[in-house]
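Report on the following structure.
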Amino acid sequence: MAGDDEDRAVPAAEGAPPPSALPPVSGLDVKAAEAEHARLSEEVAQANLAYYQEDAPFISDAEYDASKRRLEEIEARFPDLAHSGSPTAQVGAAPDTRFAKVPHRLPMLSLENGFSQGDVEAFVQRVRSFLNLASGAPLEVTAEPKIDGLSLSLRYEGGRLVQAATRGDGAVGENVTANARTIADIPGQLSGDGYPEVLEIRGECYMSHEDFEKLNQSETGRVFANPRNAAAGSLRQLDPSVTAARPLRFFAYAWGEVSASFAGTQMEAVRRMQAFGFQTNPLTRICASVSEMLSAWAEIEQMRATLGYDIDGVVYKVNDLAYQARLGMRSTTPRWALAHKFPAERAWTRLEAIDIQVGRTGALSPVARLHPVTVGGVVVSNATLHNEDYIAGRGADGSEIRGGKDIRIGDWVEVYRAGDVIPKVADVDLAKRPSEAEPYAFPTTCPECGSPAIREEGDSVRRCTGGLICPAQAVEKLRHFVSRAAFDIEGLGAKLVEELFRDGWIAEPADIFTLQDRYGPGQLTQLKNREGWGEKSAASLFQAIEKRREIPLARLLFALGIRHVGEVAAQDLARHYGSWEALEIALDTARPAALAHRVAEDAALAEREAARAEGRRARPSEARAAALAQVDLSPEATAAWTGLIAADGIGPVLAMSLSDAFANERERAAIDRLVSFLTVLPPEARATDSAIAGKTLVFTGTLEKMTRAEAKARAEALGAHVAGSVSAKTDLLIAGPGAGSKAKKAAELGIKVIDEDEWLAIAQG
């Protein structure tokens, strides 16, 4: 996707603190964990959408990795927060609706990330433990550069290319066959012989640095931000002739569905792919120990600047394919591979100004305006400063970061770019601080509308209280409303929305659906006379708007731009309630209970603060109960609130945000006006062909043909839940030799019991 001429600092989650500035997960209570889980879930889900679908990432790889790691840590400590819709259980993002969908016969998974020697050692130890290998037993691992491009799957039948698809969400990708045929590195017909009748080759589409520079020099308008964006935007073109004119390359490194095995090791497979006519990375090598793996990583990192294409780490893979098969997959990553990421690139420059951007939820986000400096081959002039605590040298828990050094205009600051996206300010050189530099005074009023900007207890950011009267919030909500994962109206992008808002043609989403009445037949000249418009383009816009009068419930919920309601949460809500009407009724009914919940949480917070001041043990549960006892709630309100917070992936923080939005008179009126123009479609029913999907399994006794870990992983991959004990909720018990009390209890409860051979028939199904 083409980017602006200058990099624009758009904070990942408005005003969100960097993970390094957050308190340890072990120090979080349930309320704090819920709030942070909701924020991180939205941040990671939006980052997935921007990176995989829109080719316009707005956070760095390092920031993304750190946020996802922290999300995983929170879910590990608070298991009730984990759910099937969490970004930790997702791969990529939903496929772009402009392209035909292609189901992947074998999922295109992501890779587990590592960042240190300890991570690499732990990976090897996990592999050995899973395979039950002795410490001295040989274990070969391949090491290859991790190309920073766009993942692509190529399907060959009889040696002929019949289909090319992007990763998409890992299960369903986008059909880009016509575009892939124009790439010189992708053979239309496989070379040699001995290839399987059906062969899916997977690899990375990328652009070299030299070709990237030439492409940007040839562009007369907007230029690409980096080679990865250029490659992704070039491949995902509706017109194949555009792709053909772009200098795309392709490295093959993996495979999906095959009708017959074509290699016994990863390295042999790489050589066979090369013989079939594919480019494979010449730096791929075999390592026999952790020390050799780390040496390969260090050598490849040293070569990074001279390779001529972008890489962001080294990928390790267990070489023996029989071992790979035994190790199998987690829900989103293979157990037999690890991506060992490179550290961020850094440079020093002067901070010339601090500007405040106002996001769609009202968050005031500080942006550093820098003296231009080259970092990682890209000129950087903007960087995010996260929030006022980060500027002041404090973490979210009040602890010092950067040794307590604050950031001031005129300072020399260290800037880093990890993943070639939005830069961050990492450090300050106090020795070079100008004597006249004053501490930065974070604004307490909105710079866009003048409304008070307040910071609520437990929040890391200040937010404008102006709501829709704030032009910055209004236009950002409109930009979000027309984004690809929301209404995605063809011809109505963010730029046009800003123009129409500026000129007074639209002020809220509902106005989009009255454009034709106001500027259509009889008044068409007003629209067609706009710069760059004509009668045909105006008519096309109206037609595109008409098509979006029917909208899936999940898209509508995401499009509303309610705080914490990201794409995944919107899908969870849609599945839980099934219709717009049911959701409205539930929220209206639950409102008194939502307010009571807020009173109870405030009481719990006051109890904690009082206990801290008095040096005693806090009793927040008792404080909550006492506060709730003062509120007279109907059973219907209690049931509606309980149902909302119990919905998969929701929880109290998101539920409160949703309730507040629907209870706000001005916001609810805008929502009602919008919905009056729409037909809201219910979610499609989920389908699965697994015989054990949704069922609860228990394993007992000794399994002789696979390890317990392998069996559990396979069951979960087929959609089952594996429990540790037998109960009335158990659907199936798999009993090996030595089964004891669990088998007896299953018999008493009438639960079906099968042996390992029957289990293998299901697992290999």
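Numbers run from 1 along the shown chain.
Each Cβ is built from the backbone N, Cα and C atoms, and glycine gets one as well.
Quantities reported herein were computed from a predicted structural model and do not represent experimental measurements.
Taken from Swiss-Prot, the feature region 'Disordered' applies to 1-34. Among the features that Swiss-Prot reports, NAD(+) binding site is placed at Asp61, Ala62, Glu63, Tyr64, Asp65, Ser110, Leu111, Glu144, Arg167, Glu204, Lys317, Lys341, with the record citing sequence analysis. Swiss-Prot lists Lys146 with the feature active site, N6-AMP-lysine intermediate, giving sequence analysis as the kind of evidence. Feature annotation from Swiss-Prot assigns Zn(2+) binding site to Cys446, Cys449, Cys464, Cys470; the stated evidence is sequence analysis. Annotation source Swiss-Prot lists domain 'BRCT' at 687-765.
Cα of Cys470 (Zn(2+) binding site) to Cα of Lys317 (NAD(+) binding site): a distance of 52 Å.
Secondary structure from DSSP puts Lys146 (active site, N6-AMP-lysine intermediate) in a beta strand. When the Cα atoms are compared, Leu111 (NAD(+) binding site) and Lys146 (active site, N6-AMP-lysine intermediate) turn out to be 11 Å apart. The binding-site residues listed here are Leu111, Cys446, Cys449, Cys464, Cys470; among them, Cys464 has the most other Cβ atoms within 10 Å of its own Cβ.
The residues near the Zn(2+) site, meaning same-chain residues not in Cys446, Cys449, Cys464, Cys470 whose C-beta sits within 8 angstroms of the mean position of the site's C-beta atoms, are Val358, Gly362, Pro447, Glu448, Gly450, Ser451, Ala453, Thr465, Gly466, Ile469, Pro471, Ala472, Gln473, in sequence order.
The Cβ of Lys146 (active site, N6-AMP-lysine intermediate) has 22 neighbouring Cβ atoms from other residues within 10 Å, across all protein chains displayed. Here the candidates are the recorded positions Lys146, Cys446, Cys449, Cys464, and by Cα distance the one nearest Lys317 (NAD(+) binding site) turns out to be Lys146. DSSP labels the residues of the domain 'BRCT' (687-765) in these numbers: 28 helix, 15 strand, 36 coil. Note: the CA-CA distance between Cys449 (Zn(2+) binding site) and Lys146 (active site, N6-AMP-lysine intermediate) rounds to 46 Å. All protein chains considered, the CB of Lys317 (NAD(+) binding site) has 25 other CB atoms within 10 Å. Each residue contributes its Cα atom, and for the residue listed as 'active site, N6-AMP-lysine intermediate' and Arg167 (NAD(+) binding site) these two points are 16 Å apart. Reported as a whole number, the C-alpha separation between Cys464 (Zn(2+) binding site) and Arg167 (NAD(+) binding site) equals 39 Å.
The Cβ neighbour count for Arg167 (NAD(+) binding site), using a 10 Å radius and every protein chain shown, is 24.
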